[in-house]
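The following features are taken from TrEMBL:
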DOMAIN    B:4-348  domain 'Aminotransferase class V'
BINDING   B:41  L-glutamate binding site
BINDING   B:75, B:76, B:101, B:152, B:172, B:195, B:237, B:238  pyridoxal 5'-phosphate binding site
MOD_RES   B:196  N6-(pyridoxal phosphate)lysine
């Protein structure tokens with residue numbers, strides 16, 4: 001019995017992808033070995049990685065002047081790698097603070113020696129808002145502007161792409177990567193962990209515009225040296241091969257679904273139905289200002305927190321898993337990534353309605 | 001049909017481990033989800049990671065004053081992390097150069113600002129030797145001594161553990177990790193990529209003696225900050241969960257085999273039988289001095305390199321895969337990690353004998 005898994009990440013994956021991976025886990029495409037066992041220098045894996053990159057470019061509609069890197073260490077690794085690739089120690093970088101993930105990115109940039117200027121800080125609203133786009137003033141000497149399009153914990157999402165002018169725009173897309181069409185030409189660097197919409201934990205997908213490849217410090221760690229990794233097709237060292245393979249399968253599945261236009265529309269519809277159910281009730285509440293509500297991560301509270309444990313226990317009995325909210329926010333959180341079907345959201349809403357009928 | 005896979009890494013894994021992973025890839029231990037999909041903050045995965053660590057400690061007979069870390073970025077990531085955790089910029093570290101991997105570790109230590117003193121350099125023998133232990137003189141101010149117990153490319157292995165005195169001894173165990181009993185109390189830090197004896201690519205297993213945890217630079221990248229990762233049970237950020245899970249299954253399999261004493265004896269016997277076949281023939285040759293021959297990676301050349309392509313094509317037809325030698329060494333290389341059975345080595349020797357009979 002498969003559950004509906006609302007985990008914020010690692011997260012639900014498409015069942016056909018898992019079934020295919022299971023079927024070929026001891027004999028991959030006639031090689032007589034698992035993809036887990038094959039050399040990353042062999043023709044089969046090189047083709048697998050090249051196919052994943054080509055599929056990513058197609059699905060994302062990525063402009064030709066961007067490189068795609070498959071790197072180890074997740075988004076938190078790139079928190080360290082971005083400053084080391086883009087700015088000297090002591091340089092200035094601008095950050096927008098909309099929650100715990102953007103704050104962590106800024107903290108690590110400081111550790112890497114940057115002068116971090118926070119040009120917008122939403123902590124006063126307890127991270128339930130995004131800034132007015134007209135309020136964003138970028139220091140003239142900023143090496144880049146960093147922001148987090150979707151905050152996984154707060155469930156806050158930018159309804160716009162900030163206008164950074166000539167300053168390179170850098171974004172942590174971890175929890176919204178390939179969840180809808182995006183004009184990537186607006187960005188200088190995009191990065192994100194795969195473990196939400198793109199596959200298993202252990203892989204960061206990094207997109208770098210060509211003109212930003214040669215700004216690295218001499219001591220950037222080798223495995224995060226974007227220029228070297230571009231020249232080595234992300235294989236300076238052994239890449240996380242199984243993660244790249246699964247990413248390729250997931251991108252195939254995304255193309256079978258109709259690509260980002262279809263997937264984005266489905267994601268919007270899933271989120272809207274859950275927000276409508278929450279807003280129609282006095283029993284449930286979501287704290288985020290409507291224009292900044294995330295399609296991906298939807299926190300909600302019960303009017304009486306004493307019922308939280310009952311709610312979660314009953315949900316688990318109904319096959320609705322991983323709904324407990326982040327410890328810093330409390331209550332519940334439903335993450336509705338690409339692989340969450342409309343049936344899963346409908347089952348959650350049915351359960352919420354019934355729970356309110358009994359306990360409300 | 002499963003082949004015998006002699007890849008240097010990623011490498012052959014135990015078939016029962018792959019079969020179990022395949023069987024539970026869509027429903028892991030009754031959770032109704034894959035281990036790939038489960039939150040790393042949930043009780044099931046936390047138990048899985050704790051079991052893997054406990055099994056590692058048991059199998060390795062690791063003393064209590066060592067921490068076990070599961071980190072992203074492989075051994076090449078630790079090439080950057082070791083200097084940043086152990087020494088200030090400008091400090092001295094001693095290196096033994098026995099091949100490409102120790103050279104790469106030293107190069108990255110230089111990039112991270114260390115004064116690298118090479119106290120033994122085997123390049124004059126084309127990396128077919130290890131130094132005389134009595135010749136190793138460690139500078140008094142060295143923050144640590146680094147060496148590579150087994151060189152995957154050259155097939156050179158130390159027949160002894162260097163005596164580093166009071167200097168912390170640091171070793172890249174990637175291609176010999178848990179291949180036989182080792183007295184880990186001789187070491188300050190041990191690290192290695194998992195993709196040889198311990199599982200899939202994408203995971204480094206790092207062992208740190210307690211007294212070495214608090215020497216890090218303030219700007220060590222967060223995901224490689226050993227102290228932080230000890231305090232966070234290797235989960236400052238999302239770990240490569242599937243790799244940790246598979247490591248746990250492989251450690252279970254190792255215990256079923258009888259542990260490191262049994263596995264080490266089997267590895268020695270496998271290697272001995274292949275070296276004996278090579279040495280008994282004028283058609284095949286291994287260039288490494290006998291006392292420094294690796295149990296794990298056995299390069300060999302054919303008397304006539306014009307036959308290399310025929311040898312490899314015939315081997316592939318016999319289900320003997322990934323025998324092509326590293327491009328820098330040429331010829332063949334057979335990697336005989338823990339999961340390579342004696343039957344695979346026997347099949348290789350039979351094939352070599354028949355090939356020599358026809359072409360010799």
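Backbone N, Cα and C define each Cβ position, glycine as well.
This view paints the features noted in TrEMBL onto the structure.
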{"residue": "B:41", "record": "L-glutamate binding site", "Cβ contacts under 8 Å, 6 or more apart": "B:235"}
{"residue": "B:75", "record": "pyridoxal 5'-phosphate binding site", "Cβ contacts under 8 Å, 6 or more apart": "B:101, B:172, B:174, B:191, B:192, B:193, B:204"}
{"residue": "B:76", "record": "pyridoxal 5'-phosphate binding site", "Cβ contacts under 8 Å, 6 or more apart": "B:104, B:108, B:193"}
{"residue": "B:152", "record": "pyridoxal 5'-phosphate binding site", "Cβ contacts under 8 Å, 6 or more apart": "B:8, B:9, B:101, B:174, B:175, B:196, B:296, B:297, B:335"}
{"residue": "B:195", "record": "pyridoxal 5'-phosphate binding site", "Cβ contacts under 8 Å, 6 or more apart": "B:9, B:10, B:11, B:74, B:201, B:202, B:203"}
{"residue": "B:237", "record": "pyridoxal 5'-phosphate binding site", "Cβ contacts under 8 Å, 6 or more apart": "B:222, B:223"}
{"residue": "B:238", "record": "pyridoxal 5'-phosphate binding site", "Cβ contacts under 8 Å, 6 or more apart": "B:40"}
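Using a Cβ-Cβ cut-off of under 8 Å to chain A, the recorded positions B:41, B:101, B:152, B:172, B:196, B:238 reduce to B:238. According to DSSP, residue B:172 (pyridoxal 5'-phosphate binding site) is assigned to a strand segment. Among B:75, B:76, B:101, B:152, B:172, B:195, B:237, B:238, the residues given in the record as binding pyridoxal 5'-phosphate, the maximal Cα to Cα distance rounds to 30 Å. Taken together, the residues of the domain 'Aminotransferase class V' (B:4-348) have an average pLDDT of 97. The Cβ of residue B:101 (pyridoxal 5'-phosphate binding site) has 21 neighbouring Cβ atoms from other residues within 10 Å, across all protein chains displayed. Following the DSSP three-state reduction, the secondary structure of residue B:76 (pyridoxal 5'-phosphate binding site) is helix.
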